[in-house]
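Remarks on the structure that follows.
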Amino acid sequence: MSIPLDFVSRLAIPLVVAALYWNGPGEVDLGEQAQIFENTMRLADQVLFEAENKVNSSSPTFDYIIIGAGTAGSLLANSLSEANNVLLLEAGGDQNPILDIPYAHADVFWKTRVMDWNYTTVKQNRSCLYNFNGSCWWPRGKALGGTTAINVGVYNRCLRKDYDSWANFTGDSSWSWENLRETLNDIEDYHGAYEGESNEKKGIPIGDLDGGEIQYGFSTVDYNIKDGQRWGSYKSHLEPALNRSNLVVERYATAQKILFNGTQAIGVVFERHGKVLQAFANKEVIVSAGAVESPKLLLLSGIGPKEHLDSLNISTLVDLPVGKYLQEHPGMDILGKDNMGFVLNTTFGMNLKEPELVQQFVENGTGPFNSYSRNPRLMKGYLNSSFNSDKDWPENYIFVYEKFSERGNGEPPQEEVYFTVELMRTRTTGSVKLASSDPNEKPLIDPNFFEDPTDIDRMIDAIEVMMDVFLNSSAYRQHGIKLFEPFELCSVEEGHQFLSRDYWRCYIHQFGDPHFHTTSTCRMGPSPDVAVVDSSLRVFGIKNLRVVDSSVIPFAPTGNPNMPTVAVAQRAAALILLDSTS
């Protein structure tokens, strides 16, 4: 039993509207409201938990136990519970309905980090130096729906060669683009708009990057939005199945260890509201806790590199490269002094306090509230570097943003544009390790950013292309585009010539940070010396245990990994059900 979200979801729109309109004493703080919601829902869940005497109940048995209700776990819970008894464990609670409104994302998540594991990395030497002093912020969703509850909702299939690389590495052609394409078609919807004239005039192609035919250039930005609301894995897959009597969803339930009989997974130990409980599975235990928590749980359970486990006095059940091969997309916004973008002499921005804009969103879910940011994305694209001539597999991911700035001090509002560069395939990989054998201690995340200097050079190549687009294309010049001033720590006074490659190298060290696309920490592959799971996502050396989430993706996809993870989960569901009948 749980508090129905319908009871509170109607509060979301009034709260957002109130925050926009009310600027007086005690003004509405969306972040504070979000935290109150989270605390209330957790307390309500605990009261119900105690009232139902679950603390003293016998250890239940299910057909399947799924650990993690994120992108993959939500889909699996729906598919497997159609004809099986399923236990779904989620460390977080219900999604906050305020975040159903895309525009509220910046005011709620970025300021409060609710529904987030709040990870940080070990200190980096060549990234995150300005904002985080080398320890990068590493958000991961902690709620029903996982990271789809907190991300910016970009829909991106990624590229054909991403999937083909999985098939080549695993030796299993079922993971190829051609064999997964229909899976992606089945789950596609559309929302997006863009302006591409400036790029076309500089010879950069414009097309549909999600269609599979065009792999280079720029296109519309598509979002996981439906009827004006965030539409992640919870709404699309889990919510429709919540009323099934054979699906048990335990919120605020953190898995601590997998239980084994020899080398066969039989259940899980988990903590819920301060009580340590057990549950058992007749068929399979499925780990879908994400690219950080999944390797952490396997390591705590004795599955991982023997040397690392020995150092923590954890008995090794199977020696596998768990936590190795972490991949992440480093990137940064290209801005100048005081976070200024390129200034235009034309104002396109809208005053969101206009009643008709509020009415437009409330009535039909359209308008500027239907954006995940105060700085809307105008387009996305792929660019290569001098290190890579393959236009079917480019390595830099670009977003172009609009920014309407009200700087105060009597200055008029101004229209700005800027861009972001993300590197899709780094030459180095990172790791996830345990800090101790205590399941409550956060893991050690080391992305190992920019330890290969060519990673920085490949990003600089893309930056220089985009600087040329912004400063020299007629589409921007007709709006009087003006270059920003240099960032102070990378200025001439600090020994860096503005706009030189040395300037950008300094800038990347200061601002380069993770873009929240973590993969590959339990990657699938051909053998246990280079992978954790086989191409059917079964953990090597263990019966009845699979990993199904972004951690099994062998190589980071070229774009946002949400849809590739959905494809992984769709295929996994079919494999699991096939095995159960064979």
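Even glycines carry a Cβ here, placed using N, Cα and C.
Annotated FAD binding site per TrEMBL: Thr147, Asn151, Val152, Gly153, Val154, in sequence order. If you look up TrEMBL, you'll see 290-304 marked as domain 'Glucose-methanol-choline oxidoreductase N-terminal'. The signal peptide annotation in TrEMBL covers 1-18.
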Do any residues at least six apart in sequence from Asn151 (FAD binding site), in the same chain, have a Cβ closer than 8 Å to its Cβ, and if so which, in order?
-> Gly141, Gly232, Phe516, Asn560, Asn562
Take the domain 'Glucose-methanol-choline oxidoreductase N-terminal' (290-304) and find every residue of the same chain, 6 or more past its ends, with a Cβ under 8 Å from one of its Cβ atoms.
-> 67-68, 70, 91, 117, 119, 138, 140-141, 146-147, 255-258, 260, 314-323, 326, 432-434, 437, 439, 443, 445, 518-522, 532, 539, 542, 547, 549-551
Using DSSP, what's the helix, strand and coil tally for the domain 'Glucose-methanol-choline oxidoreductase N-terminal' (290-304)?
-> 11 helix, 2 strand, 2 coil
Around Thr147 (FAD binding site), which residues of its chain at least 6 apart sit with Cβ under 8 Å of its Cβ?
-> Gly70, Thr71, Pro139, Arg140, Gly141, Gly290, Phe516, Asn562
All-chain count of other Cβ atoms within 10 Å of Val154 (FAD binding site) = 18
